[in-house]
Amino acid sequence: MMKSFFISILTCWLIISANGKYLTKVSQTDNDNDVYQIGFGIGDITGPAAEINMMGYAKLGQNTRGIHLRLYSRAMVVADQSGTRVAYVNVDLCGSAQILKILVVEELQKIYGNDVYTHENVLISATHTHAGPGGYFQYLLYIVTTEGYIKESTHAIVSGVVKSIRDAHDNMEPGHMYYTEGTLTNASSNRSPASYLQNPEEERAQYEHNTDKTFQLLKFTDLNGKPIGMVNWFAVHGVSMNNTNKLISSDNKGYASITFEQDFNGYTNVGKGPFVAIFGQSNEGDSTPNIMGARCLDTGKPCDFVHSTCNGKNELCVAFGPGKDMFESTKIIGERQYLKAKELFEKANETIKGDVHFVYQNIDMAKQTVTLDDGREVKTCPAALGFSFAAGTTDGEGAAIFHQGTKKGEENKFFDFIRDFILHPSKELLECQAPKAILLPVGEMKFPYEWAPELMPTQMFEIGNLVIVGLPGEFTTMSGRRIRNDIRKIYADHGRDVHVILSGLANTYSNYITTPEEYEFQRYEGGSTLFGPHTLDAYRQQFRYLAKQMLSREKISSPGPKFPNLLKKEITLKPGVVYDAAIRHHFGDAIVQPKETYHAGERVEVKFCAANPRNNLKLEKTYLTVERYENDEWIVVATDANWETMFIWNRDSVLLGTSDATVLWDIPLDTKPGLYRIRYFGDHKNIIGKIQEFEGASREFKVNELPSF
Ligand SMILES: *[C@@H]1O[C@H](CO)[C@@H](O)[C@H](O)[C@H]1NC(C)=O
Ligand SMILES: *[C@@H]1O[C@H](CO)[C@@H](O)[C@H](O)[C@H]1NC(C)=O
Ligand SMILES: *[C@@H]1O[C@H](CO)[C@@H](O)[C@H](O)[C@H]1NC(C)=O
């Protein structure tokens with residue numbers, strides 16, 4: 001008792017004196033100090049695991065029905081000696097959204113006041129997984145397939161992001177940052193090579209590859225050299241899980257994150273920290289993980305190079321990952337990123353030194369005037385999507401809302417509702433966006449309210465000689481390279497050699513950004529470049545401005561208009577859970593039991609009488625556990641967040657309200673032999689809307705030693 005009291009006093013004194021050291025050495029100018037206050041945090045953002053359309057492929061009927069991997073928000077907060085801080089947040093989502101940023105900053109300001117975390121120093125970037133429930137956008141274009149705004153999705157995300165930042169804030173301690181970079185080949189390929197080829201030959205000749213293979217990594221340690229976190233950036237789409245998948249998954253980057261974290265935190269504690277590994281997204285616009293390339297489903301032959309069609313048919317041309325199925329492809333592409341990160345984490349030895357700065361500005365991308373290098377003045381346009389947007393990509397056929405012959409039962413009531421209000425594009429818009437053939441003039445569509453965002457957040461962080469650029473959309477390989485070169489040059493002109501890091505899908509989503517040359521070609525990415533042929537030129541001008549502003553160390557005089565909050569206008573046609581019922585069984589009964597014995601490497605399958613998972617999202621919890629009997633108690637060895645488990649929910653009868661849940665466990669090879677069981681945790685809703693928890697367990701089963709051969 002006495003001893004621990006003295007230790008506490010001593011610890012307090014050490015902390016106070018350490019903090020004192022920082023506080024007295026406040027400095028406004030750049031310096032050589034390599035000690036930062038660093039904190040990491042993680043929060044669960046897994047939205048509704050049933051009945052909600054997944055964000056990414058815009059495919060009707062691709063609604064969630066279970067979990068393979070939980071989705072997380074991972075946050076890093078870094079402050080220099082003067083106390084200037086930035087929060088870098090990476091979310092397992094298809095895209096970031098204005099409304100998320102608004103709500104997150106609001107929550108943070110309630111906790112910390114108005115000056116600690118703001119729109120300017122918080123950057124929220126998405127991994128671009130296509131396997132999460134949607135509906136967390138305020139603009140209609142992105143919530144058509146979810147039949148409107150989904151409150152449950154948004155709340156789950158906001159609470160998890162805020163938790164991750166709070167934890168990072170609370171975990172802040174003095175430490176160091178180390179940088180290194182490498183290249184990762186064979187984890188990505190270009191899915192629009194014909195479009196990439198439109199870029200000037202001299203420019204292409206400067207690069208070996210037609211996707212960005214740069215792998216940039218930051219290692220964080222405490223003052224004793226103990227690792228506390230890692231962040232890296234690599235450009236590759238989160239589409240290893242294809243558009244037939246209905247299980248929530250953080251895709252290849254999520255796999256890499258949890259595997260890296262397990263090395264520090266243990267196998268079971270997925271998503272619980274303390275070590276956090278962020279696999280961030282970059283200029284992935286045309287970069288696919290489906291590296292075996294596209295081929296025709298009917299003939300097995302290569303698709304048409306320019307149009308990615310087979311005999312004129314778009315849906316027959318599909319790209320494949322390196323695995324035997326999408327799960328294995330996710331694992332392979334995830335593992336390649338994980339292994340590269342391991343290698344670079346060991347190597348990282350360039351110490352980051354110097355102050356923290358940030359700049360931020362919202363700009364109206366529909367109305368930018370750009371002065372090109374040759375002196376010409378050009379303009380951006382109100383947002384519009386071309387026909388090639390509807391065709392989709394070889395990673396997933398086009399937005400099915402535009403397809404004729406949608407299967408019965410999959411019609412989108414929401415789209416039917418608004419279809420009649422879609423305007424014909426104005427003449428000015430057609431001219432401005434040329435040569436785009438406009439399908440959806442989203443910038444001119446204001447009914448029932450705004451369809452697409454036009455206010456785009458532009459943001460840069462500087463930490464010593466690192467410059468992190470927040471790009472509000474999917475920049476293609478060459479678009480990203482142009483931005484990176486511009487910024488590097490501006491710093492070089494000021495005598496500074498910096499590492500420029502492109503953080504894609506930051507702060508809001510605005511589809512794609514191609515080079516003007518790629519735009520002219522109007523493949524999917526060009527057709528999805530919202531603000532016309534000079535979209536990239538406008539961003540280049542803006543980021544050059546931000547870089548100069550950052551170097552001047554002056555605050556931007558106008559951070560631009562604030563994001564509007566459209567929540568009051570949001571519409572949803574998606575019904576909630578009506579009620580659950582159990583017939584012939586009780587909720588939680590195991591209706592298919594496991595076998596008596598298994599060997600490691602086999603798959604255990606158990607089915608329970610279930611209720612709708614939307615009744616309780618189980619944030620920071622789990623729908624299932626795999627447990628081992630040890631010393632008279634059951635120990636949890638895996639949850640629904642582990643790679644080896646799957647939670648699959650199935651609606652038996654809408655009318656009766658009955659459902660079942662299958663739990664799969666692929667027994668890892670290094671599993672301890674012993675007695676195991678599987679448990680399921682649910683919540684059912686009765687006819688008058690009361691929600692009640694329940695649980696169930698399978699019978700016990702044995703996992704035997706691996707047979708020896
Ligand atoms: C690239 O990945 C594929 C698929 O996993 C593999 O077959 C091939 O050998 C790899 N190529 C190289 C050069 O490593
Ligand atoms: C998706 O992956 C599954 C295997 O996991 C495969 O059977 C299916 O053909 C793929 N579909 C598409 C459209 O890529
Ligand atoms: C960092 O490591 C590399 C080898 O990986 C070595 O060449 C370089 O000199 C090291 N730099 C420092 C600053 O230690």
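Every residue, even glycine, has its Cβ placed from backbone N, Cα and C.
Among HIS128, HIS155, HIS599, the residue that TrEMBL places alongside HIS237, GLU474, TYR512 at the Zn(2+) binding site is HIS128. According to its DSSP assignment, HIS128 (Zn(2+) binding site) is coil.
For ligand 2, there are no nearby binding-site residues; that is, of HIS128, HIS237, GLU474, TYR512, none has a C-beta under 6 Å from one of its atoms. The number of other CB atoms found within 10 A of the CB of HIS237 (Zn(2+) binding site), across every protein chain shown, is 28.
In sequence order, GLN281, GLU284, GLY285, SER287, GLY473, GLY504, LEU505 are the residues of the same chain, not among HIS128, HIS237, GLU474, TYR512, whose CB sits within 8 A of the CB centroid for the Zn(2+) site. Residue environment of HIS128 (Zn(2+) binding site) contains 26 other Cβ atoms, counted within 10 Å of its Cβ in all protein chains. Summarising model confidence by region, the domain 'Neutral/alkaline non-lysosomal ceramidase N-terminal' (36-541) averages a pLDDT of 94. By neighbour count, meaning other C-beta atoms within 10 Å, the densest spot among the binding-site residues GLU474, TYR512 is GLU474.
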